[in-house]
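Asks: Before we start, here is the structure in question, set down as structure tokens.
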Amino acid sequence: MADFDAVLKFWGPVEADYDKIGNMVLTRLFTEHPDTQKLFPKFAGIGLGDMAGNAAISAHGATVLKKLAEVLKAKGNHAGIIKPLANSHATKHKIAINNFKLITEIIVKVMQEKAGLDAGGQTALRNVMGVFIADMDANYKELGFSG
Ligand code: CUP
């Protein structure tokens, strides 16, 4: 099975509640890698205990997962999705590439726990994200952002 399909097979529980799963992803990212919380100024002042109920964190978490769904459903033809994403993240948010690797491992863990993502699905998700991140990196270099 193609990597995209091996992940999409487990997408149901994610799609059923993007806000909740998205919040879990970002809360876990900010808890395990506290520096990442500073990347987005709107999240900087939120305490660990308040994250689960924070609407802005849920909303951005949902955005991240919906973007990932678009990438999965594009099945490799994702250049048009990545270009604007790389643009905004390099020039506006200034998010270094390593942060995408960190969030990948968090999404793998959260999907394992909440969607039953199995070993094959985990490898598939890492593969898809590896290609996605390499393409982001190529766009970053074109833009002259050394993230
Ligand atoms: O869109 C957005 O917002 C992004 C998404 C993605 C994911 C993965 C890869 C690439 C891209 N984001 Cu936001 C991201 C991130 C965050 O939020 C935080 C941290 C890190 C990363």
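Just so you know, glycine gets a Cβ as well, placed from its N, Cα and C.
Below are the features listed in Swiss-Prot for this protein:
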type	residues	note
DOMAIN	2-141	domain 'Globin'
BINDING	H60	O2 binding site
BINDING	H60	nitrite binding site
BINDING	H89	heme b binding site
Asks: Near the residue listed as 'heme b binding site', which residues of its chain come within a Cβ-Cβ distance under 8 Å, counting only those 6 or more away in sequence?
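Replies: The answer is I95, M136, G147.
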Asks: Using DSSP, how many residues in the domain 'Globin' (2-141) fall into helix, strand and coil?
Replies: 112 helix, 0 strand, 28 coil
Asks: Tell me the Cβ neighbour count for H60 (O2 binding site), meaning other Cβ atoms within 10 Å of its Cβ, over all protein chains shown.
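Replies: Cβ-Cβ neighbours of H60 (O2 binding site) within 10 Å number 18.
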Asks: Grab the pLDDT values for the domain 'Globin' (2-141) and give me their mean, rounded.
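Replies: Summarising the domain 'Globin' (2-141) by its mean pLDDT gives 96.
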